[in-house]
Amino acid sequence: MSETNTNEEKKKPPLNGRRALPPNNSNDEENEVPEMEAFGLIPRGFNPKDYLRVVDIHMFKEPHEINKQQHHTDKYYSPKLIVRRGQPFQIQIDFNRPYKPEADQFWLEYLIGRYPQQNRGTYIPIIVGDVLKPGEWGARITHKENNSIRLSVMSSATCIVGKFRLYVAVWTPFGILRTHRNSATDTYILFNPWCQQDAVYLDDEKEREEYVLNDVGIVFHGNINEIKSRSWSYGQFEENILDACLFLMDKAELELSGRGNPIKICRVASAVINSRDDNGVIAGSWDNTYTYGVAPSAWTGSVDILLEYYSSKQPVRYGQCWVFAGVFNTFLRCLGIPARLVTNYSSAHDNNANLQLDFFLDDEGNVDTKLTKDSVWNYHCWNEAWMTRPDLPVGFGGWQVVDGTPQETSDGMYRCGPASVQAIKHGHVCFQFDAPFVYAEVNSDIVYSRREKNGTQVIEKIDTNHIGQLIVTKEVGGDGMMEITEEYKFQEGSQEERLALETAVMYGIKKQSTQDTMYEPQTDVDMDFQVQKAVLGSDFKVTITFRNKSHNYYTATTYLSGNIVFYTGVTKNEFKKQSFSAKLEPSSSSTFDVVIKSSDYLSDLLDQASFHFFVTARINETGKILAMQKATVLEIPSLRIKTQGQMVAGKEMSVTVEFTNPLKQTLENVTLRLEGPGVLRTMKKEFRQIPMNSTLIWEVKFIPTRPGLRKLIASLNCDALRHVYGELNVQIQKP
């Protein structure tokens, strides 16, 4: 083997026995794409110029042009096209002659990384079709003029987030002709909180403006008795920041095919934000000596840190918790994941996750620093990122804790999260990732103990109220402070708080009691609950059943929490809470009804009328916990569509849409829409009011253009009622 040959061998990435291709985990690397891909021998007379040829591609990528305006990306300081996934964008292709659909065939190709593969979402060929399906890759021609065509391109709502290369391919009988590599047509695709099918969909425009588009924020610091605040510049739209954020995922070696998943992105980012064990962005230092670096308090924002790291590829010195959180927030907002910076006052750093901070006192009653390993932080900053959690049961989507500050290792690396805030509140800490650690940060007890001369330990004091006294974030649309403590925990000292704690213990958080016994569940009492099926606008009841199988008389302190959730399982708010004491006779069953009135939920109701109930009960005689959760959905009334008379292409026909208002209130400013692809263009009608129980009838006359089986789709929308639909299949006859 010659010398040059072995050198060639060395350059190739190492293959292992498990995969045919090396890992595709760099957005920066590219592959060579042939401009002429021949099908076989090419005849001598073949001249590529005889065929359709791409002369130019217009991306409409200026901040004032349609794409960046519609996709809320006009603030990015970048000459390239930046769009959000699951939403159409426009491009124009100029050919050397008019495009003839019957003879010419062309398609688009989006590629990412060095080893593009169709089944991994890293090679995306897009054939031009007639319709765009929401949230799926596709393209259709919207406009033809002379040699140009205008395309509307839809990306998948789950596609990879990153920088794609665009090629236009033209079919000829002898091979495929492609445009040459042109970085001016590169397209960045980001998460889309405006798109209902995206995992990071956020339904409130003011919140999207704050948590995605606001590039400055406030960090709350100081301590519980003296709260201080400072501004922080996130700068997610500044020049090269988007590229720097994509580089972080390359640095973390996250497979490109995993980069459409916000859970994976948050998990790897929480590790790469700090420099421990992976040479990440910021080196932490808590010892007040910051030689050869910048003191953490000196930074005013994230941009300098990210750009320095992007160019030097070496950890930037130095950071403390708010610096890690500030940079993490920039990363998340830049990619389009809604995010906020959160401060927890009196934050526990519990190094053995036993839900208690052990402070050892010496003979004089001072803390023995050699023995004491746990610590309380005056405050600690982390981030919350907004996303669905399809990997968890319903109800645990929404805000997730992610923390880039290196405190403890998780699966062998310094990282933390995403952990569901809702799961932490209710003590369901069995759900990934790192919920027990975060639960301890906001809920630990402080146990002070002293060692006697004879070696026995005496517990002097237990402080159950000190940790996690106040959890805050910046308010939406202003610089004030918003308290979110109750998102994380129930009222200190309340029944519900103790119940959540005992639920957490049941799910395996080590809580040392005086005699270290393993937790034993209550086996002689069963609890279940049923939610009555109900139509939107009516009252319904939740029935809780206890079966006491023992010969003992028990009482159970029971707590029901009703939460309104998005259809994705993300909690919006708690609309019902009720505690009661249940008396359980020996060897018998008892049922208890909790009535949910429509007035409890109507004002907060979300689009899809989904609820999530937690029921937790403590058997007072044994201290054991029973816990259960269920999701339920109200029935939403639908629209009725009817047709009258004959349905023939080219002749006028009539359709009526009917709806009866089921709510105990008048519906105001109602918008009805009716459309039928190929039958009629979208029609809209506004109704000022629909009184309760009254029926609205809307008649529409139109002339269907094409024969065949078509679908009519109607929707009704107003503030009090959404997601009201109706549809009807109609057969349009030939004239």
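Keep in mind that glycine also has a Cβ here, set from the backbone N, Cα and C atoms.
Going by TrEMBL, these are the annotated features:
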- Cys321: active site (ACT_SITE)
- His380: active site (ACT_SITE)
- Asp403: active site (ACT_SITE)
- Asn443, Asp445, Glu492, Glu497: Ca(2+) binding site (BINDING)
- 313-406: domain 'Transglutaminase-like' (DOMAIN)
- 1-32: region 'Disordered' (REGION)
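Annotated features taken from TrEMBL, shown on the structure.
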residue	record	Cβ contacts under 8 Å, 6 or more apart
Cys321	active site	Trp377, Tyr379, His380, Cys381, Trp382, Thr405
Asp403	active site	Ser270, Phe324, Ala325, Trp382, Asn383, Arg415, Cys416, Gly417, Val438
Asn443	Ca(2+) binding site	Ala348, Leu355, Ile467, Gly468, Lys489, Leu501, Ala504
Asp445	Ca(2+) binding site	Leu355, Gln356, Leu357, Ile462, Asp463, Thr464, Ile467
Glu492	Ca(2+) binding site	Thr464, Asn465, Gln469
Glu497	Ca(2+) binding site	Lys489, Phe490, Gln491
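Over the domain 'Transglutaminase-like' (313-406), the average per-residue pLDDT in this prediction is 86. Cβ atoms within 8 Å of the centroid of the Cβ atoms of Asn443, Asp445, Glu492, Glu497 (the Ca(2+) site) belong to the same-chain residues Thr464, Asn465, Ile467, Gly468, Lys489, Gly493, Arg498, Leu501, site residues excluded. Counting Cβ atoms from all protein chains shown, His380 (active site) has 26 others lying within 10 Å of its own Cβ.
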